[in-house]
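A.B. asks: For reference, the structure I am asking about is given below.
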Amino acid sequence: MALKAVCVLKGDGQVQGTIHFEQKENGPVMVSGSISGLAEGDHGFHVHQFGDNTQGCTSAGPHFNPLSKKHGGPKDQERHVGDLGNVTAGKDGVAIVSIEDPVISLSGDHSIIGRTMVVHEKPDDLGKGGNEESTKTGNAGSRLACGVIGIAQ
């Protein structure tokens, strides 16, 4: 049986979206959906530690990182569990999300249920920016929109 989750992204500005998650038993998580209101180009896309949006996206804390690793790209061995890389918005400001990730999960120790999905202002440099901030956040900049990931039917 597949596990499913959903996240509605909202921010202070125009950025909004809906992201769906689906995981078949012990398989990778399929992440799909769309985000609108973005500037054209790449935007960092991460699961953050807390499902707390009481002070907007800032109260979601750092990237979800239960293994205490450095920030990296989604295909890197050295990465936070929540590091999903970038989503790319076209000229229309819409990013179509289609990601398959074997590290995040909808159950167990790496479960993202109840945590916050965040889309960032700038591209994620995937930990290769050559400075300390790169190894923590990928220099992805401010948090444009976020939402808590919840269980879906």
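Here the Cβ of each residue, glycine as well, is placed from N, Cα and C on the backbone.
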A.B. asks: Do you know which of 17-37, 59-79 Swiss-Prot annotates as region 'Disordered'?
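C.D. replies: When 17-37, 59-79 are checked in Swiss-Prot, region 'Disordered' belongs to 59-79.
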A.B. asks: Of the listed cysteines Cys7, Cys146, which one does Swiss-Prot record as disulfide-linked to Cys57?
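C.D. replies: Checking Swiss-Prot: disulfide partner of Cys57 resolves to Cys146.
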A.B. asks: State the count of C-beta atoms found within 10 angstroms of the C-beta of Asp83 (Zn(2+) binding site), not counting that atom itself.
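C.D. replies: Looking across every protein chain shown, the total is 30.
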A.B. asks: Give me the Cα-Cα distance between Asp83 (Zn(2+) binding site) and Ala2 (N-acetylalanine), rounded to a whole Å.
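C.D. replies: Computed Cα spacing between Asp83 (Zn(2+) binding site) and Ala2 (N-acetylalanine) is 23 Å.
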A.B. asks: Using a Cβ cut-off under 8 Å and a sequence separation of 6 or more, which residues in the same chain sit near His46 (Cu cation binding site)?
C.D. replies: His63, Phe64, His80, Gly82, Asp83, Leu84, Met117, Val118, His120, Asp124, Gly138, Ala140
